[in-house]
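Feature list (source: TrEMBL):
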- 1-25: region 'Disordered' (REGION)
- 44-67: transmembrane segment (TRANSMEM)
- 293-316: transmembrane segment (TRANSMEM)
- 336-407: domain 'PAS' (DOMAIN)
- 408-462: domain 'PAC' (DOMAIN)
- 498-631: domain 'GGDEF' (DOMAIN)
- 640-891: domain 'EAL' (DOMAIN)
- 892-912: region 'Disordered' (REGION)
Amino acid sequence: MTAGMSADGRRRFASRGRRGDPASGRIAAARSRLADGKILGKRFTWVVAAGYVAAILVVGFGVRFSAQPFLDQMQREAMTERAAARARDIDDRIAEVVDTIRHLKSDDAISRFVMGFDRAAFKVEDVLAELDGQKHVRHAILDYKGTPILRSPGFMLRESKAAFAANEFYSAARLLSTANPLAEAVRLRMSDVDGLAHILVVLPVTSRGLAEGALIVERVIELPSVAAVGLTRPFSDSDWVVMSTFQLSMIGQWRGLEAQPVHAPIGDTGYALVRLANHEEIATLGWDLVQSVLFVVVWGMALPFLGMVIFGRGVILKPYEALAASRQKLARSQKEVAELAQIATMTHEAILVTDRDRRIIWINPPFTVLSGYDEDEALGQHPGRLLQGPETDPATIARLRAAIEAGRPIREDLVNYRRDGRPYWVSLSISPLSGEDGVVDRYVAISSDITHKKLAERRLEDARRETEHHALHDALTGLPNRRSVDAMLEAEIGSDPGARTLVRVDLDHFKAVNDTHGHAAGDHVLKHVSDVLQAEIDETDFAGRIGGDEFVIALGPGRNADDGVALAERLQAAIRKDVVFEGKTCRVGASFGVASSEGGLITNRQLLVAADAALYEAKEHGRSQTILYTPEIHAGVQDKRRLSVEIERGIENEEFVPLFQPQVDAVTERVVGAEVLMRWQHPERGVLTPDQFLPMATRLALLPEIDRIIYRQGLRAAAEMERVGHGLPKISFNVGSAQIEDPGLISVSDLYELESTTVAFEILESVLVEEQSSNFRFQVDRLRDRGYRIEVDDFGSGHASVVGLMQLNPDAMKIDQRLIIPIISSARTRDLVRHIVGIGRSFGISVTAEGVETAEHAVILRELGCNTLQGFHYARPLNVVELLDMVEERGTIRPGATGDDPVADNRAGRPG
């Protein structure tokens, strides 16, 4: 809102802030109290945290020192259980070894070997091979006397590194001679490697309950976590040790122990697994206990201390902090209210505040300026009833009400009314204001006057609509133009599933009105025709102007071809009536083409093309007619469409070829030249004459391309005739104004170097009349300067004037065959031809007569003074081979030369 504040107001507002108003002082004091509260809260938290840490430390040390006796007892009990478990494991391993050996010694091969029944040692070795495959196994077999009868190499010898002394083997063997010869003996020795022990197993080999010998096996077994067997190696308090019963009884005396160490017997072996007390482990257990207790204590005491912090802050600090924050918020609110009130007073926007019942409770001065209502008139009023009027958009009002009821802000443009009843546009922004409880209890509405902006937008929209109207309508008649018609045909008629009808209108003799009475009269006629169209069509019809004197009428849905023909007849009668402009009578007619998609002959999208075709037929049949598009016309259209495609293909394939009609000297009847005529060598239809394809080629703007093909091939033929020694004195091409002004014409000629043949361009007399511009004459002179002959074709058809002939100054002129053919029977025509020949002679122009069909024609024209003759009497159009034969037969002569002075005779030699 400060955007609307004046510069003086902004200075007052800034200076007021610099002086330090009471609200600013209250905010500073509230901030100071709030900061003191925060410091007090931090101190309280630190004190509680220190007490918490001290309590945890006291509990930890108390647990450590009071739990020492219990830890000792716990450790001994735990070690005893572990010793028993380990002893059982060792006993299981020894039993497993003994069971394996016991299983082997019961084998029949060993019994027979011991008793002397079968002394085949290899059989015993095969049985004991299972033991040999195990780790560190040696064995021996004794007879009943204790004498070794089979043993592993070195076994039971006196070896210094053996685990068992030799006497131990023999003492074990002496068991056979004791009172209990069936007793089994197991002895242990610790290996040099920790965890490995040697076991000596002595098993009697029995037969019928008598000891016949013994199987002695020494094997290494693994004792997990056992450091030593017996007291042969030093060990620490943390080691497990295997001891004999005697060693266990003496270990306390030897080590000076107050109590017997933890131990557990290893089965019936006479050995025990021993573990001394480990004081370091006890200490570790003590600290582990302390850590476990502290973990529980930390979390157990955290909750009370956390509650103390929370409760203490809630009871002691929260009220203080809340009071300080409330004071700060109040001071800030007071300052904001003061600032907003100052800004609202100085801004240019109109501001009003309503209560929850939408009654006005406050307005600023700009509101009074904008609306005309002062405080006494506005307070207590409903804004809608006070400001809205008939032009206020109901939809906008509904959106405003919905936003207010939903408690959300909204911005809209709408029309309000001043106190004096004048409307004005505002950009209205409404925002809800909530109280301390969060409930919306007020609304603030800010209005900006946008009347000038809306007026500018309306003018811009009007200008846009006017521009769009001009873009889619004819400026003269007001009818839809070609662009609008095309859009209507595409969007409405093209997509209409029903049959539709279209009428094409083309004025007849309208050019004569323009030429005779001027363009103002022509415009008057066009507006008159537009009025006639709009007066005759129905409300559902659509009329448009698509060209200079061309109109289109699209009949409404449901109207058929008969309706279109009837409308065309009414329009024909109305348009044919005289139109008076500035006292002059203007007469025009109209041709109509009617097309309908009824019956399925064509689709709606093809209506305009079909109506054009029907209109073309009306023009071709004498104008001022109404032609309905029929299947016959449709077939012709299809033929023309195919022809257009074939013409393009023919150009691509160069199917267009030249034929040559010879021109002979009137006196000697030698060949003086040839006119190049165009033919289409169609691959399916045969040879086509120009009247069969030139109109379509012209409509397709393809005639220049065909002309270039004929021109190029004609020059090539002339060059070939020169090459074989029978060159033409002259070769003529029919050209129009476009070809004359085409710079590429000369470049094509330059491709063929003709030595004796002169190139002539025949220009129609109609071109001579229509093209008298300076550029056309310049191009003609340029061609003449390059050595080309200029000739006038079809002279005497009634178009060219003598003045035009003098301005062009051609080399020759050709009399229209319509004047030549009747000379046999018409003296008047002969006189006219005689006068034309006289004009040519007076201007120094050679005269050619075309259409010479009989010998009588040739005699008369020779007597009348024509220089050159051309027609079927001498030859029909020839191909280059036939032309070459005629040249060889008749010979050649330069145009204009007399019979006594021939330029050349092809039978005698090449022309010079």
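Even glycines carry a Cβ here, placed using N, Cα and C.
Model confidence over the domain 'GGDEF' (498-631) is summarised by a mean pLDDT of 91. Helix, strand and coil content of the domain 'GGDEF' (498-631), in residues and according to DSSP, is 60 helix, 34 strand, 40 coil. Taken through DSSP, the domain 'PAC' (408-462) splits into 12 helix, 30 strand, 13 coil. Shown for the domain 'PAS' (336-407): DSSP residue counts in helix, strand and coil, namely 40 helix, 10 strand, 22 coil.
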